[in-house]
Amino acid sequence: PRLSELLTCCARVWIPDAEEVWKSAELTKDYKNGDTSLQLMLEDGTEPMANIEHKLDPKTKNLPYLRNPDILVGENDLTALSYLHEPAVLHNLKVRFIDSKLIYTYCGIVLVAINPYEPLPIYGSDIINAYSGQNMGDMDPHIFAVAEEAYKQMARDERNQSIIVSGESGAGKTVSAKYAMRYFATVSGSTSEANVEQKVLASNPIMEAIGNAKTTRNDNSSRFGKYIEIGFDTRYRIIGANMRTYLLEKSRVVFQADEERNYHIFYQLCASSHLPEYKMLTLSNANDFLYTRQGRSPVIVGVDDTMELSTTRKAFTLLGINESNQMGLFQVLAAILHLGNVEIKDRDSDSSVIPPNNRHLTAFCELVGVSYQDMSQWLCHRKLKTATETYIKTLPRLQATNARDALSKHIYAKLFNWIVAHVNKALITNITQHSFIGVLDIYGFETFEINSFEQFCINYANEKLQQQFNMHVFKLEQEEYMREQIPWTLIDFYDNQPCINLIEAKMGILDLLDEECKMPKGSDDSWAQKLYNTHLKTCSLFEKPRMSNRAFIIQHFADKVEYQCDGFLEKNKDTVNEEQINVLKASKFHLLVELFHDGEKAISPTGQVAGTGGRTRLSIKPDKSREKSSKENKKTVGCQFRNSLHMLMGTLNATTPHYVRCIKPNDFKLGFTFDPKRAVQQLRACGVLETIRISAAGFPSRWTYQEFFSRYRVLMKQKDVLPDKKLTCRNVMEQLVQDQDKYQFGKTKIFFRAGQVAYLEKLRSEKLRVACVRIQKTIRCWLARKKYLRKRSAAITIQRFTRGYQARCLAKFMRRSQAATVIQKYQRMCVERKHYRQKQAAALVMQTILRAYMARQKYQALLREHKVVIIQKRVRGWLARCWYKRCLVSIVYLQCCFRRMKARRQLKKLKIEARSVEHFKKLNKGMENKIMQLQRKLDEQNKEKRLVNEKLVALENTYTTESERMRGELGRLRGVEEDAKNKGNQVTSLLEELEKLRKELSSTQKEKKTIEDWAQTYRSEMEKMVSELKEQNGSLKKEKDDLNRLIQEQSQQMTEKMVRAIAEETQQLETNLNEERSRYQNLLTEHRRLEEKHDDLKEEMNVSKPGHRRTDSTHSSNGSEYTYNSECAELEEGSRAAEDVTRGIDTSLTLKLQKRLTELEQEKQSLRNELENKEDQFLRARARDDVEFKKARGAELEYESLKRQELESENKKLKHDLVDIRQSLLGNAATGAGAPGSPAYKVVLEQLNSSCEELEVRKEEVLILRSQLVSQKEAMHHKETMTELSVFVEDVSKLKDAGELKQAYMGLKDTNRSPRFTRKPLEVSDLLSRLRSAAPDFHKLNEDGELWLVNQGLKETIRLLEHQLQTQRRGYDSEVESLRGELQNVKEDNNRQQQLLAQNLQLPPEARIEASLQHEITRLTNENLDLMEQLEKQDRTIRKLKKQLKVYSKRIGEMGAGQTEGQTSPGQMVDEPIHPVNIPRREKDFQGMLEYKKEDELKLVKNLILELKPRGVAVNLIPGLPAYILFMCLRHADYVNDDQKVRTLLTSTINSIKKILKKRGDDFETVSFWLANTCRFLHCLKQYSGDEAFMKHNTQRQNEHTLSNFDLAEYRQVISDLAIQIYQQLIKCMENILQPMIVSGMLEHETIQGVSGVKPTGLRKRTASIADEGTYTLDSILRQLSAFHSTMCQHGTDPELIKQVVKQQFYIIGAVTLNNLLLRKDMCSWSKGMQIRYNVSQQEEWLRDKGLMVCGAKETLEPLIQAAQLLQVKKKTDEDADAICSMCLALTTAQIVKVLNLYTPVNEFEERVSVSFIRTIQTRLRDRCESPQLLMDTKMIYPVTFPFSPSSLALETIQIPSSLNLGFLTRV
């Protein structure tokens, strides 16, 4: 169909737009031929706008471009689009970039890369591994895919490759080139130890520092072009590299525009100027120098220049530039900055001068080592030479400044070339280069407001590259048509050869520029006039601006560019003052001199500068002849650039190019922001649209016949389908498309013109839509009929139930009427009877009440009279007693006052007498008398004290019997007594106490006055208190219930918390253990790799030695972890052989490998110890957690119960006190009820006494608890001491445990054992039994000197007992001290309690009770915490003792297990240490051993291991037979006690297994066979080791076959390591077999036919998804898995090990499948998710059939299952987002977002995932803590374990078949 026929209503088209370049619109009316306009409706993403009219161009009448179907939008390859034009390309790139966050897109052979301005996680090593080895069309577009294609074509076609990276500044060219080089460095590696790939990558920071700068468009813009050739050897490993640079922007050194910077290295030095190593450069801030401050933007956000300089220096060091050269480079750079600050002033109009002592010029001269006078002279002067004379001319200030800047640019260019040369020198190796891949990072097409010489050269280079690109694209199209045998005509494409001729041909722009430069008075204006005269009329590509005579316009392939002629001649000449150069050459600074001499040497005879890529070289010679030749050889910059460009094009034409076009999406560096205008400009400039135009001119859409048949099968009728797919497609196409020019049939593909695929898609959609309508019609009819039948049935049912209900209601009404009549009769009867009975009862009650009232009145009168008499009697008696008490108190008070007056007088007299001088003299004279008097007086005072004590005791007895008044006096006397006891002879204290008591007496009298008032109010207060106490009692009960409930909740929460904590810690410990195992097994893998490399080197050494031939003795490798004597001999022989070899052997590498091997062995041993420690810690931690949990739980419950009991006891006590107070108050209602001696006062005192008693009880409880704790500690200490002492009793006949005696005995033995073996120690139980026996046995016992050994042991025992006795004494002393401390603490506690009691007495009753309760709770809590702390210490001691007990019992068990049938005495062991132990055996009874001669060992290993065919053994013989045979041979060597034989047998076995695995490591059957046998051999060593842990399942006969002489625990570890290595080799072998099947079988193959349709794929064809011959399917994978499983079962592999292997297999399948899904946009669709889930279900069915559902394999597929579910679920609403977040727990956030971004509809009925939905998912998954890695690690191997699996097979029943050729073995 024609385009006009497709422009129907609802067709979607593209129309031009000023802002968005192209806008989408929809036709509202059909287009007819002859119409001048189109009726359209815009689609701007919001509400549809009003209809608009789009007028067609009346001249061209070009119709608008049609839009592609939605299912084609977002394709990986732009050539897959049906309509190939500019708006389709732009829209496809925008959708991929904005919606899917995909920055790479193919456009035929070009990779379009859009700069995201955000870091993306798509460049890690996992991504590199995913792209390695893949076809370019099979994976999503990526720079790694281009690099892999180049690498693969280099290896396949034996042709050099080039990757051409181009684009604007800031488009990401340098980063793309860097990632391409990183890919080559990662996938290829290097051939030597020089690490060339690291050096290649290290050159990047150096070149960025000296060649990159900040521009307005890019913060890290490359201001030069470079071409890096990465060299490879014959094995395609990196051997070196070479770099060529082009057109360094030297003008940036002296000038920068606004918001731009100079080269990074200057700012790095200024930022680091404060460091001490840079002080000599005399630098400061970048704003202090002219060359770094002109752009006014010295800082880049997010960049630390100091750190960047450190990175640059590290790169310099890695590339071999030493510290001195680095500092020399920095000196030159600092000198350039100082030179820019040299100020030149006007002397007059024609001359200039530098002020004397210029600071910056002085610094410049010091840094470069030149004379200040010479430099200042030639900066302002110039030497002119004519034919006859030479004279010096002064320079004006402007020319002098220009000369200074020219010198700065020249020095920097020399420095740049020197660094490039040294980088190349470091990257070159001596190995011959076989091929190379070149990476060209060059500037793209540039056009600015002002374009000068640099832009002219850049655009000239892009013209050449575009011409080469066009020719290559045309060539590929031609080859494709010829390969498919399609007739083709010449495609008209844009040829830019005229533009290139305009620039570089004879009399071209460059030629005229060079000619003008040679003219003495040449200028930019004269050169512009020559250009106008030459090209204005002859070349259509050359134009002159209307308003300027100093500019010209060139029509480039991308756009018109206007160039300003100013500065062209000066930049082309690139001149510099020769005298300034001579001054620098005379410098004392060797590096500066080297820079300029290197420049002279670099000039070739033809004038071309080697390796500089267009740098100007000056040759300044003193003599005239050399000056003349120098001028002849000197070329302009334009000429040099043209020559270097021609050389580059020659290199590119000799290679296969690969193109990367970098696009800058916006000018503001905003992340994932797309500016259509800027993008279209760059697409036009970089040649992408030209590629599209060339493709669209032919047949851009290409389908294989199978893909076409699968996609458009719905358009065919059943009769059209033929067995031949090609013929079927031909017939269908002839029916669907009438114009045969729209398609062509090739050999394997159908070629379509542009738009034909869209037409076919339209037909397919219409066919599917008609089918959908038919299906909907049928289903709706079925649903309507079903609904009608359901309604009819419901109506009938309702009628039936309604009629039945009405009949039931009538019957019910009749029954109720009859029942109502009966009920009324009986109810009326009941009412009448009730009324009668009520009247009778009322009469009786009234009579009773009246009679009772009269009796009560009479009784009350009698009672009132009796009470009045009693009250009068009591009141009169109380009044009499009150009068008596008042009289007595008054008398006592008078007596006290009189006695106080007399005492004061006496005291005053004594004071006067004491102050008199005479008194002192008397005292001094009669000192002896005074002493006697004092002694006498002291005795009298003591007597008085005793008398006072006696009086106090008498008073106390008296007061206890007297009334309440005497009780108060008794309290005072008790205080006096305590003061007397505490203060002794201090009489003053007694007086103070007396005064205190008097004050108390007065206060008591005062209280007496108020007691009457208090008695009246006391009753009301007590009632109020009663109510409050009741409330408090209720609140306490409530609190008690709350506490009980809280205790239960806390206990439950704590239990759950502890269980969770224990589970988490257990899981963490298990994770750590698995990580340690994984790390250890990875080290074993590295160890094995180094072993293999070491063996390869040994083989090379042996092969290179003349006349050397390998024998059987050299078959064993040096792979064992332990180096034995034979292996040492081999190493010495190998080292001697290595010394004889003088060529072809890298000795240093061998030595380094050996050193590395030793380090790895040590590291492996340390990791093994660490692994054991981790396991012990794990077990100890679990036990500790259990104990601590129980202990904490018990302590908490105990504390809570104590607290509850305290509350209950206090509550009861309060109730009791309340009852007593209430009774006392009710019994004494008089006014004096509260006085001292009254019942209320008495009750209060009793409460105080009870509180004191309770305090004493508490103290006693504390003492009891502490005594119990001490007794427990003593019991534990005594138990430990008795355990240690139980061995060392004096009487030998009473010994119970021989551990210490055996230790003393074993310490005196000295045997000559092998250092690699440990004989099992013999028991001394025989010695003990003989010691206990009768005396006549002593002679027999002592015949070998055994009693002397016993005597020595007893002496050691006595010394040990003495030491323990001293230790016990020290412990006893420390315990006494601790008891004393505790006693002191009890005393202090008692004092505190008394003080607290005194304080409580002063408080009101409520506060007193609360305070005492709070204090008691606090005290008990503190005591409980102390007890808990002591209990924890005790538990730790118990755990420590239990652990020691286990260790001792284990040692005793090991010693006891070493006793053999024929016991040998210790004396014999001492005298004859090297004789084997004679082990008697039964006659005519096989012991399960095989005997062989030592010379037959090699034959045994050869027949049983090296030449054994696993298939025959696995089918015909018992599983694990070789392992059983080897173990039976080992048993015999152990039986005869031959340690050398055991050692050699085990060493030969291990080395032979390693050798056969190295030889046949790719054969799964062989690796599986030896994995099973190695594990069986390991289990045999454990089962028959004699260890009780491994002997639980043995029979009695098997226990008799245990190893008797040697402990092979170390060899068990070596064999376990060997099994791990074999397991890893098995996994690697399986991975190599499964890897090619996984992607094809799991993703590409359609297991459910017809579910997913094939979409067009463009030029980059993907792998066919249809099952052709040789294509792997899911059945292929399942068959292979079944083959693996059956093979391992036949070999007798342990079931647990098979489960681990299957788990690893399924992990590999899931990881590889998911990784490919994440990297392939074409696989992310709903139908593919359905295919994946079906494939996973088939694998689960396979697991179920094999009984492996519990092995953990299904869980490894969980990420893949969730990814498939993610493809199928709804992805629209917030509820869908919540469902996805809760479902995809095994996927990371990056993987979920990646799948959503890649989701692509295959049919029109599906919808894309909106950007807002993806952002919602990201927001909800933001809090996840997970790895940002996108892909799964396919190389990860789960740590393997070998659970012990004992064999029930009896060794004596094993028969050796004759097919094994082991006739030399003898059964024993």
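Each Cβ is built from the backbone N, Cα and C atoms, and glycine gets one as well.
All TrEMBL annotations are machine predictions without curation.
What TrEMBL annotates here:
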DOMAIN    8-60  domain 'Myosin N-terminal SH3-like'
BINDING   G167, E168, S169, G170, A171, G172, K173, T174  ATP binding site
REGION    607-634  region 'Disordered'
REGION    645-667  region 'Actin-binding'
REGION    1097-1125  region 'Disordered'
COMPBIAS  1114-1125  compositional bias 'Polar residues'
COILED    1150-1265  coiled coil
COILED    1369-1451  coiled coil
DOMAIN    1547-1823  domain 'Dilute'
Neighbourhood of G167 (ATP binding site) by C-beta distance under 8 A, where only residues 6 or more apart in the same chain count: A113, K173, G444, R661, C662, I663, K664, Q682, C686
Residue counts (helix, strand, coil, in that order) that DSSP gives for the region 'Actin-binding' (645-667): 9 helix, 8 strand, 6 coil
Beyond the site residues G167, E168, S169, G170, A171, G172, K173, T174: chain residues whose C-beta lies within 8 Å of the centroid, for ATP: N115, N218, S221, S222, G444, C662, K664
Close in space, distant in sequence - G172 (ATP binding site), Cβ under 8 Å, 6 or more apart: A113, N115, C662, K664
Rounded mean pLDDT for the residues that make up the domain 'Myosin N-terminal SH3-like' (8-60): 76
Close in space, distant in sequence - T174 (ATP binding site), Cβ under 8 Å, 6 or more apart: N204, E208, N212, N220, S222, D441
The domain 'Myosin N-terminal SH3-like' (8-60) - residue tally per DSSP class, helix then strand then coil: 0 helix, 23 strand, 30 coil
For A171 (ATP binding site), nearby residues of its own chain (Cβ under 8 Å, 6 or more apart in sequence): A113, N115, G444, C662, I663, K664, Q682
Binding-site residues: E168, G170 - member with fewest neighbouring CB atoms within 10 Å: G170
